[in-house]
């Protein structure tokens, strides 16, 4: 139960970041932000249960995705010049447009998954391609680490140092302390630094500080506690009937493809860190299809963005060395509980974001190093392998950073043609480092000649792609409750 709550606490940071970034620009107030966070938590809990139960069956938390931010900013920008709408009307209209776009674009993932097209693509991924793809799943998120931590360095930096010292060094002071600190040090450090931030807030340390500093450092700046309802149950079409418009729908389709590309390396990292075999292609296919079903439900319930496999929670598997599916399912129960009882959820959402940024500095690094570990299955002395991995790794970070830096606050990126839908698709796809790594690495590895299958590590990965290739596949990935007898 404690491990499950720890997973919930880790994923909460991304949820709050996305909601506090987008909702004010949509015209929503603190009360709207609180309800959006509750909806995001509710849908994350449901999708996590679905994935751990009948999806990949891996201990992965499914959380909100940044891939949808650019399409949402495009929708916000379309309504920003309409002076006839009040802020409340603009917020509701934006939410209804997002609903319609999520509903239609969800069929992209369902088509990719249930047609087994995505699984056939993953069969072409050798360990040479997995190295940069999994690596940038962590490295590509570096902007959410120290840059966010530095927004309130007096809280973020002590949190980073305290976590390293407590979790890595103090565990060796006594044999009984090792398992406890290894597993629960993260939660202990969050509690200590959160209390420290609350003391600074109550003592008036930020009373005369800049507004930006107050927003990042104070524990009472978001007004979530005062605006969140005690009990609020998310239900379908909460904001009204969905609005279907072509341009936002195409933008969301690009984001749906990106979430598929981002979830795939996270699944491989989760399997490696939890001690499972690499996910077979049919398991990856059904998980992507189920992700599409989840997005359809998210559109119906009025979620702000779609979901993807959470990188930070996979890093937590490596940090605690606990790859328990049950702990992740308990975390989903916490998400659903706190989404309904809003005051309790808002209480934990008041944790300053630099505390989460300090945690991400560790967890994203673990995922990045997991990608590097796939090198052991390849011939690391092969210049061809070095070329494919190196070029894919560099271009994925370089291209995505170019698109992110050149995207303004209204969602307009480097691609600016007369077709808004075309712009949103390309700007969204190329802003994702794992997507670029997957494309570049797959093309290079499958077109360049000169290496044997053994040098590329294919013989190690091939048995896991087949249903009966490894006896452990059934143990890790078969459906629960003997469902496999009826749905092979």
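The chain as shown is numbered from 1 upward.
Heads up, the Cβ atoms here are built off N, Cα and C, so glycines get one too.
Quick look at what TrEMBL annotates:
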- 6-24: transmembrane segment (TRANSMEM)
- 61-79: transmembrane segment (TRANSMEM)
- 100-119: transmembrane segment (TRANSMEM)
- 125-142: transmembrane segment (TRANSMEM)
- 149-170: transmembrane segment (TRANSMEM)
- 185-206: transmembrane segment (TRANSMEM)
- 330-349: transmembrane segment (TRANSMEM)
- 355-374: transmembrane segment (TRANSMEM)
- 386-405: transmembrane segment (TRANSMEM)
- 425-444: transmembrane segment (TRANSMEM)
As a test: from 61-79, 149-170, 330-349, 386-405, 425-444, pick the stretch that has the greatest number of Cβ pairs under 8 Å with the transmembrane segment (355-374). 149-170
Are there residues at least 6 beyond the ends of the transmembrane segment (185-206) whose Cβ is under 8 Å from a Cβ of it, and what are they? 2, 5-6, 9-10, 154-155, 158-159, 162-163, 166-167, 170-171, 213-214, 217-220, 316, 319-320, 351-352, 355, 358-359
Within-chain partners of the transmembrane segment (61-79) [C-beta distance under 8 Å, separation at least 6 from its ends]: 7, 10-11, 14-15, 18, 21-22, 25-26, 40, 44, 47-48, 50-51, 85, 90, 93-94, 97-98, 101, 247-248, 251-252, 254-255, 258-259, 262, 291, 294, 304-310, 313, 328, 331-332, 407, 409-413, 420, 424, 427-428, 431-432
